[in-house]
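Student: In case it's useful when we look at the structure, here is the feature table from TrEMBL:
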SIGNAL    1-21  signal peptide
DISULFID  Cys31-Cys46  disulfide bond
DOMAIN    60-210  domain 'Cupin type-1'
BINDING   Asn105, His110, Glu115  oxalate binding site
BINDING   His108, His110, Glu115, His156  Mn(2+) binding site
Amino acid sequence: MAKTILLLSLVALTFSCLAFAFEPSPLQDFCVADTTSTARVNGLACKDPMMVQASDFSFSGLHIPGNTSNAVGFGAKAVNVVQVPGLNTLGISLVRLDYAPRGINPPHTHPRASEILTVIEGSLEVGFVTSNPENRLISKVLQKGDVYVFPVGLVHFQRNVGYGNAVAIAALSSQNPGVITIANAVFGSKAPIASDLLAKAFQVDKKMVEQIQSKF
């Protein structure tokens, strides 16, 4: 009996650890981020609840398109804990994604969040790559109203394959999901990763790596 209780306790502890692997559930109605606090916590310190206003939970401007006048033809407008302090500890955020014709959201990851994307206008080719050793590409072309899920941490992308602009809205399972654009991180790091190392990793000429690095 004692062994059974111990086993059940260990199982419960395991699932508790998994539940808290990302952002813990709030222990009060809300914990609006206090952006003036110097306290260093995993997240942001709470504002005095009596000082909380409706503006802490709202955001305006998501109807305005993001700037796609750049090399990849893509713009993002995030609504996370920085823009909405009331998202602190709630484990959720939002982003508007705009794509010029043939524009792309380059391969990237969100280290702290899964993502669910809905196409509002246009047609998008979307996909993600599974982890080693399979590195399997799972992709699909989405139309207006279609939804796609990107699991946490996996490299994923979107490309506008329609004839006009495209718009999508994505929800993420973190107040601060983070984003790592693969090309920027690998070729545009500060300080730069050694070009001979990258040349060996990508099996290309060192001069080609240096040319790529010079663009970032």
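Glycine is treated like the rest: Cβ placed from N, Cα and C.
Predicted automatically and left uncurated, TrEMBL annotations should be read as such.
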Student: At the Cα level, what's the spacing in Å between Cys46 (disulfide bond) and His110 (oxalate binding site), rounded?
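Tutor: Distance (Cα to Cα, whole Å): 25 Å.
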Student: Give, as a single whole number between 0 and 100, the mean pLDDT over the domain 'Cupin type-1' (60-210).
Tutor: 96
Student: Whole-number Å only: compute the distance from the Cα of His156 (Mn(2+) binding site) to the Cα of Glu115 (oxalate binding site).
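Tutor: The separation of the Cα atoms works out to 10 Å.
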Student: Quick one: pull the CA-CA distance for Asn105 (oxalate binding site) versus Cys31 (disulfide bond), whole Å only.
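Tutor: Checking the Cα atoms of Asn105 (oxalate binding site) and Cys31 (disulfide bond) gives a distance of 32 Å.
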Student: Cβ-Cβ under 8 Å from Glu115 (oxalate binding site), same chain, 6 or more residues apart: which ones?
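Tutor: Non-local contacts for Glu115 (oxalate binding site): Val149, Phe150, His156, Ala170, Ala171, Leu172, Ser173, Pro177.
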Student: For the oxalate site (Asn105, His110, Glu115), what does the 8 A shell look like? I mean other same-chain residues with CB within 8 A of the CB centroid.
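Tutor: Neighbours found: Val95, His108, Thr109, Ala113, Leu117, Phe150, His156, Ala170, Leu172, Pro177, Val179.
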Student: Do you know offhand how many angstrom separate His110 (oxalate binding site) and Cys31 (disulfide bond) by C-alpha?
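Tutor: That comes out at 23 Å between the alpha carbons.
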Student: For Cys31 (disulfide bond), write down the residues of its own chain that are at least 6 apart in sequence and whose Cβ falls under 8 Å from its Cβ; none is a fine answer.
Tutor: Gly43, Cys46, Lys47, Asn88, Thr89
Student: Rank the binding-site residues His108, His110, His156 by how many other Cβ atoms lie within 10 Å of each Cβ and give me the one with the fewest.
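Tutor: Counting other Cβ atoms within 10 Å of each of the binding-site residues His108, His110, His156 gives the minimum at His108.
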Student: Once His108, His110, Glu115, His156 are set aside, which residues in the chain still have Cβ within 8 Å of the Cβ centroid of the Mn(2+) site?
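Tutor: What remains near the Cβ centre is Thr109, Ala113, Phe128, Phe150, Leu154, Val155, Pro177, Val179.
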